[in-house]
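Here's the structure, in structure tokens; my notes come after.
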Amino acid sequence: MRGVLIAAMVALVVSLLGTPWVIRLFRRQGYGQEIREDGPSSHLTKRGTPTMGGTVIIVAALAGYFLAHLVTGIGFTASGLLVLMVMTGLGLVGFLDDYIKIRKQRSLGLTARMKFTGQAAVAIVFGLLAVRFKNDAGLLPGSTYISIVRDTSLSVGIIAFPLLAWIIIAATSNAVNLTDGLDGLAAGTSAMVFGAYVIISFWQFGNLCEPHAAEAGCYLVRDPLDVALVAAAAMGACFGFLWWNASPAKIFMGDTGSLALGGAFASIAIVSRTELLLVVLGGLFVIETLSVMIQVAFFKATKKRVFNMAPIHHHFELAEWPETTVIIRFWIVSGLAVAFGLGLFYAEFLSHGGG
């Protein structure tokens, strides 16, 4: 528990104190955000706000994780390092996307094919490595079985597992990317979901199956304490960044941050065996993504729009909701989704005779 607290506090302090330094640096370098011309007119005033703030989130999370290990003397684990690999790798893809936008002074960076390739490369490497590194109990970081709150009996097989990992990682990172359209929305929502994973992973650690004396409801997962430590570091980094990203934002996380956070969620879900539970915990990300899919499909079929604009947070902006009202109400929705997801997690534990 001490390591989890240290990771969260270090990441919070690094992010909180490091972000203003990055804001000044990026302003001097001219790393300002370009704004979509077809977006809400109120967003035009945000043009030039420093972006690529996700670099601070990643660095703060890494600092929290590694310093916590240094202080506690706990060894590194395959699961924790794999999650950080995905977070950093997708952060790099997002950084390239943001950098191209800045250099070419446009709102579009990497081509869809280039971003797809980058996400696929990171995800497939994760998928290949996650089914290696068996520990003394015979557990792997990943599992070929589809998981809800723990593994089900449905397996995709060792060959298809990297493909499954890619689907989960790409879908989640793109969902967070779509949500990152209002000041503080993605950062605040991400902090809540990471907080949920701190609770889930620490609970799994306290209820691990013993090799020869498995208790009712126990969990067969590898390295849950280290996963909790990663989630705590990411949560602290998001909260520290949110201080400066809250409306009116002094800096945006950019694709650097949104892709990294989405990758972290997906990889944590895989190593904690909660792949489908992530759909509930990240309910706001799902709503935002579905709004885009519905808008595109309906427009192609009828040439009419369901929403004023997608993702759905822009719909409410164009309906003349103040931006802060949209953000706070969406945070409430996210909080309810997280609470419901944690309730499902605990109910499943009780249904297996735990408690």
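Backbone N, Cα and C atoms are what each Cβ position is placed from, and that goes for glycine too.
Feature annotation from Swiss-Prot assigns transmembrane segment to 3-23 (among others); the stated evidence is sequence analysis.
Here Swiss-Prot flags 56-76 (among others) as transmembrane segment.
For 80-100 (among others), the entry in Swiss-Prot reads transmembrane segment, with the evidence type sequence analysis. Here the transmembrane segment (80-100) has Cβ contacts under 8 Å with residues 31, 51-52, 54-55, 58, 61-62, 65, 109-110, 115, 118-119, 121-123, 125-126, 129-130, 141, 169, 173, 177, 223, 226-227, 229-230, 234, 254-264, 266-268, 271 of the same chain, all six or more residues outside its ends.
Long-range contacts of the transmembrane segment (120-140) within the same chain, counting only residues at least 6 positions beyond its ends with a Cβ under 8 Å from a Cβ of the stretch, are 78, 82, 85-86, 89-90, 93, 158, 161-166, 168-170, 211, 220-223, 263, 267, 270-271. As annotated by Swiss-Prot, transmembrane segment applies to 120-140 (among others), with the evidence given as sequence analysis.
Same-chain residues lying 6+ beyond the ends of the transmembrane segment (156-176) with a Cβ under 8 Å from its Cβ atoms: 86, 90, 116, 119-120, 122-124, 126-128, 130-131, 142, 144-146, 186, 190, 258-263, 265-267, 269-270, 275, 278, 282, 285-286, 288-289. Annotated transmembrane segment per Swiss-Prot: 156-176 (among others), in sequence order, evidence recorded as sequence analysis.
Among the features that Swiss-Prot reports, transmembrane segment is placed at 185-205 (among others), with the record citing sequence analysis. Packing against the transmembrane segment (185-205) from elsewhere in the chain are residues 1, 4, 8, 57, 176, 179, 219, 221, 224-225, 227-228, 231-232, 234-235, 238-239, 241-242, 245-246, 253, 257-258, 261, 264-265, 268, 272, 274, 281-282, 284-285, 313, 326-327, 330-331, 334-335, 338, 341-342, 345, 349: each is 6 or more residues past its ends and has a CB under 8 Å from a CB in it.
Here the transmembrane segment (224-244) has Cβ contacts under 8 Å with residues 3-5, 7-20, 23, 53, 56-58, 60-65, 68-69, 74, 76-77, 79-80, 83-84, 87, 184, 187-188, 190-191, 194-195, 197-198, 201-202, 204-205, 208, 250-251, 253, 257, 261, 264, 268, 271-272 of the same chain, all six or more residues outside its ends. Taken from Swiss-Prot, the feature transmembrane segment applies to 224-244 (among others).
Taken from Swiss-Prot, the feature transmembrane segment applies to 251-271 (among others), supported by sequence analysis. Long-range contacts of the transmembrane segment (251-271) within the same chain, counting only residues at least 6 positions beyond its ends with a Cβ under 8 Å from a Cβ of the stretch, are 19, 22-23, 26, 33, 49-55, 57-58, 61, 79, 82-83, 86-91, 93-95, 97-98, 109, 119, 122-123, 126, 130, 141-143, 147, 165, 168-169, 171-177, 179-180, 186-187, 190, 193-194, 197, 201, 221-223, 227, 230-231, 234, 238, 241, 244-245, 277-278, 282, 285.
The transmembrane segment feature in Swiss-Prot is assigned to 276-296 (among others); the stated evidence is sequence analysis. With a cut-off of 8 Å between Cβ atoms, the residues of this chain six or more beyond the transmembrane segment (276-296) that come close are 146-149, 168, 171-172, 174-176, 178-179, 189, 193, 196-197, 262, 265-266, 269, 305-307, 310-313, 315, 330, 333-334, 336-338, 340-342, 344-345.
Residues or ranges marked as transmembrane segment by Swiss-Prot: 330-350 (among others).
Taking Cβ pairs closer than 8 Å, the transmembrane segment (56-76) reaches residues 2-4, 6-12, 14-15, 18-19, 22, 84, 87-88, 91, 187, 225-226, 229-230, 232-234, 236-238, 240-241, 253, 256-257, 260-261, 264 in its own chain, all 6 or more past its ends.
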